[in-house]
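**Student:** Supplied in structure tokens, the structure appears directly below.
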């Protein structure tokens, strides 16, 4: 008989969603790890600022700067990196040094933890990912771009390398767009991309927070950001948000993570609350099929949004909605998946004419998902249906009683989501 999988997907105790969502305890633990990184980063910048103050007040020599840095967390850098950092602080122009002394780093979490689509890992070796950007004012490098670029990289690396040295099982990795600290015991890594924003916009943020007496508290800053006044006060022009790069000729890339965050939040409002759950399910399918690799989370999310924007569907019928997505997903990826951030220069997934072996393998695996869901629906027993659908999402759900006989098809379907009228996106950056 036809089986219905709505409870399989949505039951809050035994269903797939319950196996994917982090508990409050798990979420709080990740926030605590994030806070450790933030506090260390803040401390490292404070140490560097104090040395910069001493250079201005005491007319230190380069050797004196180097010796002072040796007594800080900078000691965890390599000798070459320590020498570079000492030189950068020593050679700062007066205006750049004054601004460096004045401003503190601010933090903004991006990615799945911020979107509320972060799943528990499935295969051994898979990790939860927190992206937590560090932001500093652009005037540090207005006169000489290389100063601000290298300074940010070295100071954030100092933070992560010092944590690596002090915590067993914490491992630093250098990435092109971020520093990463892997925390194996918690199956987690924290990425710290480094951004620069214009001094003027940074000052507006700081003034708004000061006036609300919020500047001292990470948690209060985040609460402030959630209300309308806070978000407006923290607006930043997206073309002024610069991401530091380690590799290649370009030192900076215009990149505002809030573009994608705002796009996804608007998509959830437009399509419905089921969008977040469906994105979680597709990421769970990806994690079950590939121990490493597979389509990126943002490419899956974008493809799902594209499909549900176009196609009539009943958001409360997860069985039907997941079949709809599974049927159309290969075609969506063969067309190519463009980023919702129009500043991205490359597609999230190339069109079929540009596929290599890796891309073709991904689409072939996608093509199998629809068949699995149909076979599960037509299984002879609940137990067989459970075994079959778990081929797609992994053996997370074990209660076959969640699978029920299929009810009549719903009489009313949601119309495809209309394309929203063109309007400026509220692109913000918040300190955490």
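Placement of Cβ uses the backbone N, Cα and C atoms for every residue, glycine included.
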**Student:** Going by the Mg(2+) site in Swiss-Prot, where 129, 131 are listed, which of the candidates 43, 54, 191 is also part of it?
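**Tutor:** That Mg(2+) site, as Swiss-Prot gives it, pairs 129, 131 with 191.
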**Student:** Report, in whole Å, the straight Cα-to-Cα distance of residue 283 (GTP binding site) from residue 129 (Mg(2+) binding site).
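**Tutor:** Rounded to a whole number, the Cα-Cα distance is 13 Å.
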**Student:** In Å, rounded, how far does the Cα of residue 114 (GTP binding site) sit from the Cα of residue 191 (Mg(2+) binding site)?
**Tutor:** 13
**Student:** Which binding-site residues from the set 110, 131, 283, 344 come within 10 angstroms of residue 255 (ATP binding site), judged by C-alpha positions?
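**Tutor:** Candidates kept after distance check: 344.
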**Student:** Residues other than 129, 131, 191 within 8 Å, Cβ to Cβ centroid, of the Mg(2+) site?
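**Tutor:** Sorted by sequence, the hits are 110, 111, 113, 130, 132, 178, 180, 189, 190.
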**Student:** Looking only at Cβ atoms, how many others are within 10 Å of the one on residue 112 (GTP binding site)?
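**Tutor:** That number is 21.
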**Student:** What residue among the binding-site residues 129, 191 has the most other CB atoms lying within 10 A of its CB?
**Tutor:** 191
**Student:** Return the count of C-beta atoms lying within 10 angstroms of the C-beta of residue 131 (Mg(2+) binding site), excluding that atom itself.
**Tutor:** 21
